[in-house]
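Feature annotations, courtesy of TrEMBL:
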- 1-20: signal peptide (SIGNAL)
- 21-148: domain 'SCP' (DOMAIN)
- 164-183: transmembrane segment (TRANSMEM)
Amino acid sequence: MQATIILIFLAIYVIAPIQGDFAKEALKRHNELRKEHSCPKLQLDDDLSTECQEYAKTLSEKGKIEPSNGVGYTENMCITFFKPIDCIESWYLEKVLHDFSSPRLNAETEHFTAMIWKSSTKLGIGLVTKDGNHYVVARYKPKGNIKSEFKENVPRHTGKADHATSFSFSVLVLVTVFIQYFWMP
């Protein structure tokens, strides 16, 4: 009994910093990419992150990703066996498919537009690793991807360098997406 309690505390002690480090890294990367579009920084929301963590656990138990159908936020999800931070990069890469001259909701770019959405101010992030797969859930508040508000909320890239869309990284992300959607059950 005492050994079990010690193991539980040890697991919490080891896992909590990993989640905390990932959350900080994810927030930092979101804000770096948002800066490239002159969007204000997001703030990490602990309550929203707790919800994301719980939903990532649910997804890991199901072994697949599916929308939560929650209200009041926009949601991005990813499953990968590469680094969890690569999920953020893959969402951002959708920008090459976004039509800035005629902005609208599009299934091919909705992850990118959710993370860049200028009016969103809060980020929740959750990560669960199971059977070698990383389940990542990100939620943004206030809700984005509102049909009538794309032009003012998804500005063009304004930065000078865009390392996220380098050729080699793009190939890596495309291979990841291909494997996830066509080889994984």
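Glycine too: its Cβ is placed from the backbone N, Cα and C atoms.
What TrEMBL says about a protein is an automatic prediction, not a curated fact.
When pLDDT is averaged over the domain 'SCP' (21-148), the result is 96.
For the domain 'SCP' (21-148), the DSSP-based tally of helix, strand and coil residues reads 53 helix, 27 strand, 48 coil.
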